[in-house]
Amino acid sequence: MISATIPSPPVSSFSIGPVTIHFYALFILTGIAIAYWWSLQRWIARDGDRDDYFDIVFVTIIVGIIGARMYHVGVNIPDYFGPGKDPLSALRMWEGGLGIWGAVAGGGLAAFVMTRRKGVQFLALADSIAPTLFVAQAIGRLGNWANQELHGEPSTLPWALEITCETNGKTIVGCVPGTYQPTFLYEGLWNIAACVVVLLLAKRFAIAGGRIFLMYIIAYSAGRTLMETMRTEPSTMVFGLRIHMVIYIITGLVAIGVFAWLTVRARKKGEARSAYDTINGDPLPRPEGRAGSETVAVPHDQGENLKNPAK
């Protein structure tokens, strides 16, 4: 028995009258709320319209949550539709089980459709939201801690996670008590660090035009690929690798390719930023005294006409 560990909470939910509130859902919603507030500030700093943003993000969040659940169920079909399983459990997302890439795909599609309807640039929206997703996911991972799930290999490290397999006075089925690698903590710290790096790089090199969002995809894919090497829960295997690892490797490589292509395209145009950096697609003005330079670096919150022309 080691003397120092990260304890697991004795409860994973609490009740207020007839309503049961699960910590997993509470952490997810807290992350979403913080991401919404921060990304709204980034949007407003670009002179984006507040009402447009609310309309777009409201639909994006709902579709994103549905997509996250569909992704999780899709890659774990035997857990929900196998022999002796309850298919209706696929609907009980508050018990745990959301796939980030499902949220990104579903939410991204919804955001694309909504930005088309609103007449604003999808890539500008994506860049406004991207860094905030790191923070939302870092907070959301605390839900795995509350549920005593998705940990790594057994460990005797001082910061090992103590799994008691007891929550709300009940024993967690299939759980083995012990101390394990706290992958929820590793991923949370990775996300915070990645957020800082992405923001610094975006500011230093005036990166935008959808490339901030691609940096999020690349950084998160790298982190999750690393985390998958530590995770121990059952997983579908593809080419001898966990299915999530395969998906993140492919997604990360594609994002790197698209990022490189967009960067080369921007340089060929003689600008570090393109029309897609703005909310309404108008070309960015060049800063005074730099008209003849090959590359113009415009900070994301300066020199942009971002208002929807219809407003």
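Think of each number as a place in line: the chain as shown, counted from 1.
For all residues, glycine too, the Cβ spot is worked out from N, Cα and C.
Annotated transmembrane segment per TrEMBL: 21-40 (among others), in sequence order.
Among the features that TrEMBL reports, transmembrane segment is placed at 52-71 (among others). Tertiary proximity for the transmembrane segment (52-71) is limited to same-chain residues at least six positions away from its ends with a CB under 8 Å from its CB atoms, namely 32, 36, 39-40, 43-44, 90, 93, 97-111, 114-115, 118, 120, 125, 129, 308, 311.
What TrEMBL records for 91-113 (among others) is transmembrane segment.
Away from its own ends, the transmembrane segment (120-140) comes close to residues 27-28, 30-32, 34-36, 38-39, 42-43, 46, 48-49, 52-53, 56-57, 98, 100, 104, 108, 111-112, 187-189, 191-192, 194-195, 198-199, 202, 208-213, 215-216, 219-220, 276-281, 300, 306, 308 of its chain (Cβ-Cβ under 8 Å, at least six residues beyond either end). The feature transmembrane segment is assigned by TrEMBL to 120-140 (among others).
What TrEMBL records for 184-202 (among others) is transmembrane segment. Within its own chain, the transmembrane segment (184-202) has Cβ neighbours under 8 Å at 6, 127, 130-131, 134-135, 137-139, 141-142, 144-145, 150-152, 159, 161, 208, 212, 215-216, 219-220, 223-224, 226-227, 230, 300, counting only residues six or more beyond its boundaries.
The transmembrane segment annotation in TrEMBL covers 209-227 (among others).
Here TrEMBL flags 239-264 (among others) as transmembrane segment. Through the fold, the transmembrane segment (239-264) approaches residues 75, 101, 209-211, 214-215, 217-218, 220-222, 224-225, 228-229, 231 of its own chain, all at least 6 residues removed from its boundaries and within a Cβ separation under 8 Å.
Residues or ranges marked as region 'Disordered' in TrEMBL: 272-311.
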